[in-house]
Amino acid sequence: MPAKKTMAQRLGQALETMTRQCGQLPETPAYGSWLLGRVSESPSRRWVRIKRIVTVYIMTANLTGIVVALLVVTFAFPVPSIYTDAPWWVTFGVAPAYATLALAIGTYWITTRIVRASIRWAIEERAPSQADGRNTLLLPFRVAAVHLILWDIGGALLATLYGLANRVFVTIILFSVTICGVLVATNCYLFTEFALRPVAAKALEAGRPPRRFAPGIMGRTMTVWSLGSGVPVTGIATTALYVLLVHNLTETQLASAVLILSITTLIFGFLVMWILAWLTAAPVRVVRAALKRVEQGDLRGDLVVFDGTELGELQRGFNAMVNGLRERERVRDLFGRHVGREVAAAAERERPQLGGEDRHAAVVFVDIVGSTQLVDNQPAAHVVKLLNRFFAIVVNEVDRHHGLINKFAGDAALAIFGAPNRLDRPEDAALAAARAIADRLANEMPEVQAGIGVAAGQIVAGNVGAKQRFEYTVVGKPVNQAARLCELAKSHPARLLASSDTLHAASETERAHWSLGETVTLRGHEQPTRLAVPT
């Protein structure tokens, strides 16, 4: 029975689903969230997406900040009142007009001028220069700075106008507007950094960011804590100190003020910490999902490096690791192609050493008939193409019957069954593979005739050569016998010959496909050999 999810897990999952942040979603987005689109998205469409995200969040954050500032001024500091103790044209005229004008002009200026100018290189599909990368990484700071300036101007303007009616308003207005402005700027900084991930990824492709533009995880966390929690808590303490000095609030009004400021701190603090956790968790989850794919053997594709902190270095390190694994797999594949998969696997399992061991194995030798005339009468390119088709059939059948292509020698191939990997009945595998090769050559390449010889017995298999250069090979009577049988098979109607000893050692099922023939003395052998041919 699955364990019940905690409240934190449920809240996290709800936020992930609502924002399309990576986590338990079916597929991990390249930039950590589906809100940011795909890597293959066109620059123009990406710009529209970024503009919409930044515009919507700036509008939402500022409207929320304005409402909170109004609540703080109205309920946290009810005396003096902005409705009864101040000119109406300031409360209902100048304040709404400035808020509307600043919100409209600020949003337009940020999205159209500042953001577009900083990422113009990405929209125009140009490679980022050092200045372009610097401007892109500085963009969240500039967005936050514009917000602080506009909020400070508004606070100074309203404090001056309200202060003409009552000097107490100066402290109240400056305090309320400044606190809310800092919180709004912090939120906009973090969310702008999130929205710019696709462009930041392009900038980070050109190189690592300068240290002064990448404060790191600790710097980012401490900054968010200071602005999201430290400043509001300082504001609460300042409020209490102000009341103690001025004595303009009753005990109930002070409690209300502290309560409102505390709730505001909790809400905005939660919001900025959630965005911070969002920004921090996304690169980790992307790397985690990629590691899971690597565990399953998928080495395709690199991660998009979209974070300028140590998390970006983690993404770079993952890409370097995967590149190393891909290179290792490429070398392993090349090694396996050159020496055989089984030999390569054995070399990986244990340190290769010079020497050999006795093995009971079967050997198949395949050689093209009339290869000299073939080379003389055909263009070289045609000969190579024909040999590749020929060897493709041989390799395919040898692999299918669990054998090893030990070497290619011109137009001939030597296959081993039972070394380095042991087989219960190497004779069965070798005889079946030889029959399959002969059948396929007759059907698929009738223009090519090849002799095939099969022999089995005790061989010595191991690494032969020097310490600097050696290769896996087999030596023994069955190897020589298979080569002589192949030579004899070139002039035999069946084109395929095996020794009777090999046939006798095979299973009854495989023997049913063969029949015994004449007895001959092979070249270089003193003892006669009885031949076996396929039926």
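From the backbone N, Cα and C atoms, a Cβ is placed for every residue, glycine too.
Nonlocal intrachain contacts for the transmembrane segment (63-83), taken as residues 6+ away from its ends with a CB within less than 8 angstroms of a stretch CB, comprise 90-91, 99, 103, 151, 162, 166, 168-169, 172-173, 176-177, 179-181, 183-184, 239, 248-249, 253, 256-257, 260-261, 264, 268. As annotated by Swiss-Prot, transmembrane segment applies to 63-83 (among others), with the evidence given as sequence analysis.
For 90-110 (among others), the entry in Swiss-Prot reads transmembrane segment.
Under 8 Å from some Cβ of the transmembrane segment (143-163) lie the Cβ atoms of residues 54, 58, 62, 65, 82, 86-87, 90, 94-95, 98-99, 102, 106, 109-110, 114-115, 169-170, 172-174, 177-178, 180-182, 184-186, 188-189, 192, all in the same chain and six or more residues away from its ends. The transmembrane segment feature in Swiss-Prot is assigned to 143-163 (among others).
Residues or ranges marked as transmembrane segment in Swiss-Prot (evidence: sequence analysis): 168-188 (among others).
With a threshold of 8 Å between CB atoms, the same-chain residues lying at least 6 positions outside the transmembrane segment (226-246) that come near it are 76, 168, 171, 175, 179, 182-183, 185-186, 254, 257-258, 261-262, 264-265, 268-269, 271-273. Look at Swiss-Prot and you will find 226-246 (among others) tagged as transmembrane segment, backed by sequence analysis.
The transmembrane segment annotation in Swiss-Prot covers 258-278 (among others). Outside the transmembrane segment (258-278), and at least 6 residues removed from its termini, the chain residues within Cβ reach (under 8 Å) are 15, 19, 21, 68, 71-72, 75-76, 183, 186-187, 190-191, 194, 220-221, 224-225, 227-229, 232-233, 235-236, 239-240.
What Swiss-Prot records for 279-330 is domain 'HAMP'. Across the range of the domain 'HAMP' (279-330), the DSSP-based residue counts are 38 helix, 0 strand, 14 coil.
Positions annotated as domain 'Guanylate cyclase' by Swiss-Prot, on the basis of sequence analysis: 362-486. Looking only at the domain 'Guanylate cyclase' (362-486), the predicted model's pLDDT averages out at 89.
The residues of the domain 'Guanylate cyclase' (362-486), classed with DSSP into helix (H, G, I), strand (E, B) and coil, number 57 helix, 41 strand, 27 coil.
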